[in-house]
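Trainee: For reference, Swiss-Prot lists these features for the protein:
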TRANSMEM  70-90  transmembrane segment
TRANSMEM  101-121  transmembrane segment
TRANSMEM  124-144  transmembrane segment
TRANSMEM  159-179  transmembrane segment
TRANSMEM  199-219  transmembrane segment
TRANSMEM  230-250  transmembrane segment
TRANSMEM  266-286  transmembrane segment
TRANSMEM  293-313  transmembrane segment
TRANSMEM  321-341  transmembrane segment
TRANSMEM  361-381  transmembrane segment
TRANSMEM  393-413  transmembrane segment
TRANSMEM  438-458  transmembrane segment
Amino acid sequence: MNISQIPLQVEALIPEITLTGFASLILLAGLLKLKNEVLVWSSVLFLVIFAFFIPSFEGEAFNGMFLNDFLTIYLKLIIIIGTIISLLVLTSYLKEKLIRFNESIAFILFSALGMMLLVSARELISFFLSFELMSLSIYVLVGIRRYDVKSNEAAVKYFMLGGFSSAIMLFGIAFIYGATNTTELSLILKVISNYNPLILIGLGLFIVGLCFKIALVPFHMWAPDVYEGAPTPVTAFISTLPKVAILGAFGRVLVEIFRDYYIDWSNFLIVLSIATMATGNFFALIQKNIKRMLAYSSIAHAGYIIIGVIVGTQSGFNSVVAYMFIYTLMNIGAFAMVIAFNEESIENYKGLHKFHPALAIAMLIFMFSLTGVPPTAGFIVKFNIFLQAVKAGFTWLVVIAVIFTVISAYYYLRIVMYMYMKEPVKLPEPIYSRELEVAILICTIGVTFLGILPLFLI
């Protein structure tokens, strides 16, 4: 049978089906007692090859329940690149902490699978199930250090609050179904032209459930404790890629499907954006632990990113996608540096450039990019979001965001000042591994090169 004649058009989901099989094999590989390096590099090689073939699978699957178009494929490539870097970062940590490789790698792959399905979903039940596949895998990853109390506490807290947010989102889907008699987004678009309070309630609950995962204030309380308690590579993973998937899917649903309710959801998101930028930046100022500082920093960045969704145009949404790509590189890179330095106290970063100049330069680049200092890529994507907001008439919101960006410079550049302008108080013992060095190099080159030559970022 020709592949184009497969019932329900499953060929568009062949990449996801292949990834499911590979992740299952990695999970079973523990029985074969393969070398850890074999598991890691075979996974990386698989994902690299996987990325080359993904653009070949455009179209619909399962009668329109999933859609692969240019934007979806772009989001999937970001997820794959982030997953590759996360696997490389995870490797050195697993070696150091003696954690089982096959389980950690498999659950990262299953989580990435959920994210890829999420950005393709064009039906609310498929959206929810993809969301849960991503979430359940992450809960396991957060608690992968089985005998670490902080890791276990973080996993339980994340699981309990995550389950609560999923219930709220599912309740919202039920309201939308009750008002439209369908869960297919294409059909919902046809029947929501008349203003319906039931749809508005459902949409509000749906947004609240998703806001939990991207840590928008006031749904952020889990983030600092979970980010601090989780293994550092897992923190890097969950602080970036789930946001790519959720904002990619969530932003598109709002902009394309619920356009008639733009005033309602945009006003709600404006309040959340301002509260998120304020809370994230002000709490980051007082942190002494770099993982908690980066946790609050990621909350603040969620506030900036949402501005692109608030714009409500395709160009605004495109700026969100570009921001998420660069945010993935610079945030995973920053957490990779925390692993490399093997030190979480900000005080102990003093004078690092004297003993580890290459690592200090990489950290400087990531801090500059997170701040939005030119010519880093972080400046380009933040400027692009602000530009789209100004064009849409949200100049006042951009002014507020710029003020908070200036505030953020204090805690980011404090790290740089400590590394270059303070005398060392403690000599860290960096963790060196081939995989970690490759990950840091990829992130550093990406953030620097795409800042000088933005290419597709604008």
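Using N, Cα and C of the backbone, Cβ positions are placed for all residues, glycine too.
The shown structure was predicted, so the numbers you read here are calculated from the model rather than taken from an experiment.
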Trainee: Hey, which bits of the same chain come close to the transmembrane segment (438-458), Cβ under 8 Å, at least six residues off its ends?
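Mentor: Beyond its ends, the transmembrane segment (438-458) has Cβ neighbours at 85, 88-89, 322, 325-326, 329-330, 332-333, 336-337, 340, 359, 362, 365-366, 369, 374-381, 384.
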Trainee: Do any residues, 6 or more residues outside the transmembrane segment (321-341), come within under 8 Å Cβ-to-Cβ of it, and if so which ones?
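Mentor: Tertiary neighbours of the transmembrane segment (321-341) are 71, 74-75, 78, 81-82, 85-86, 89, 92-93, 232-233, 235-237, 239-241, 243-244, 247-248, 290-291, 294, 298, 301, 304-305, 308, 349, 352, 356, 359, 362-363, 365-367, 369-370, 376-378, 380-382, 384-385, 428, 430-432, 436, 439-440, 442-444, 446-447, 450, 456-458.
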Trainee: When you scan the chain for residues with a C-beta under 8 Å from the transmembrane segment (101-121), skipping those not six or more beyond its ends, what do you find?
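Mentor: Tertiary neighbours of the transmembrane segment (101-121) are 13, 15-16, 19-20, 22-24, 26-30, 34, 36, 39-40, 43, 61, 65-68, 72, 75-76, 79-80, 83, 86-87, 90-91, 94, 127, 129-135, 137-138, 140-141, 144, 237, 241-242, 244-246, 248-249.
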Trainee: Same chain only, please: residues at least 6 beyond the ends of the transmembrane segment (393-413) with a C-beta under 8 Å from a C-beta of the stretch. Say none if there are none.
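Mentor: Same-chain contacts beyond the flanks: 270, 273-274, 277-278, 281-282, 284-285, 287, 293, 297, 300, 303-304, 307, 310-311, 367-368, 370-373, 382, 386.
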Trainee: Does the transmembrane segment (266-286) come near the transmembrane segment (293-313), with 3+ Cβ pairs under 8 Å (pairs 6 or more apart)?
Mentor: yes
Trainee: Do the transmembrane segment (293-313) and the transmembrane segment (70-90) share at least 3 Cβ pairs closer than 8 Å, excluding pairs fewer than 6 residues apart in sequence?
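Mentor: Per Cβ check, the transmembrane segment (293-313) does not touch the transmembrane segment (70-90).
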